[in-house]
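Colleague: Before I ask anything, let me first share the structure, which is written out below as structure tokens.
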Amino acid sequence: CDKAFAQIATLKSHLITHTGAKPYQCSQCVKNFSRKNLLSIHLRSHTGEKPYHCKHCDKAFSQTAHLVKHLRLHTGENPYKCSLCDKAFPNANNLTCHMKRHTGDKPYQCNYCDKSFILQIHLKSHNKIHTGVKRYQCSQCDKGFYHKAHLIRHLRSHTGEKPYRCSHCDKSFLRKYLLISHASSHTGEKTNQCSECIHCGNYFTEKSDLKRHTRKHTGEKPYQCSHCDKSFMRKSSLDIHIRIHTGEKPYQCSQYDKDFSQNAHFIRHFRTHISDKSYKCSQCNRSFKEKIILERHESHHIITVKQKQKNIKITKINSMIES
């Protein structure tokens, strides 16, 4: 690449990033890293060391980048702005997630049901409901949880920690919803009573929402198709499925002679002609209706070119390192 360095040791360290070599191995697990500082950061996940402290609260972090991201919660800084609306975000990941709401892109499909997700981490979290694996076990009792956050919340029932403090009096609470309910005694505002899921500890203000949520844990599918042996957790899913048998396609495109059985399919089609695809790729003949989608597409061309260049240079780089 076009980078230059004052010292040969720094150059050799940089060249490793081109070869893909990872000479620094963690002594606690099987992971390897290309740079020593990356190994040092990783080791903190084993030791629990968090040297970077927030000056506004009692939180600490293992990486400087995580502290910087956290500080924006206190300062209110939102440097990452959406190009399609007036929303702004404290970090790039939040913006990326938000942009997918504009495009409707949900690339991560569940293999067990018809749900899809914007982020892979959301799919992984959702999959735990189907697999039934509760990785996070309480050391004080026999309860297990799908998510680490739920275990941490549960552990407070053993330790007696009450992190949610009332700003009007000296009372503290184990759960946030209890604080909100208590705060209404000061403000006079009425709040709904929450119901807890016995499987994961999530709370719901409506009993119907809790009942629907519980089916994810129990696998109950009360809505049976009268045409075949399939059954569903939600009535809306059954209604969509029945259209396969009846051939009903209630969603009609006004510009083309096309009909769709699902609203999601209609929306996906409608986006193909709601606006002019004025953003054209300079590398191929594809065009897009939004600039951000074009930029994402063009980045794949850049990666492909760089990969080819990388493959050509690797032999030369290896010989330089050995010399």
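Along the chain as shown, the residues are counted starting at 1.
The backbone N, Cα and C atoms fix where each Cβ goes, and this holds for glycine too.
Reproduced below are the annotations present in TrEMBL:
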DOMAIN    1-23  domain 'C2H2-type'
DOMAIN    24-51  domain 'C2H2-type'
DOMAIN    52-79  domain 'C2H2-type'
DOMAIN    80-107  domain 'C2H2-type'
DOMAIN    108-135  domain 'C2H2-type'
DOMAIN    136-163  domain 'C2H2-type'
DOMAIN    164-191  domain 'C2H2-type'
DOMAIN    195-222  domain 'C2H2-type'
DOMAIN    223-250  domain 'C2H2-type'
DOMAIN    251-278  domain 'C2H2-type'
DOMAIN    279-301  domain 'C2H2-type'
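For each listed feature, how buried is it and what is near it?
Modeller: Counting residues per DSSP class in helix, strand and coil order gives 12 helix, 0 strand, 11 coil for the domain 'C2H2-type' (1-23).
When DSSP labels each residue, the domain 'C2H2-type' (24-51) comes out as 12 helix, 4 strand, 12 coil, counted as helix, strand and coil in that order.
According to DSSP, the secondary structure content of the domain 'C2H2-type' (52-79) in residues is 12 helix, 4 strand, 12 coil.
In the domain 'C2H2-type' (80-107), the DSSP tally of helix, strand and coil residues is 12 helix, 4 strand, 12 coil.
Remote same-chain partners of the domain 'C2H2-type' (108-135), defined as residues 6 or more beyond its termini with a Cβ less than 8 Å from a stretch Cβ, comprise 97, 100-101, 144-147, 216-217, 233, 237.
Averaged over the domain 'C2H2-type' (136-163), the predicted model has a pLDDT of 84.
Taking Cβ pairs closer than 8 Å, the domain 'C2H2-type' (279-301) reaches residues 83-84, 99, 102-103, 271 in its own chain, all 6 or more past its ends.
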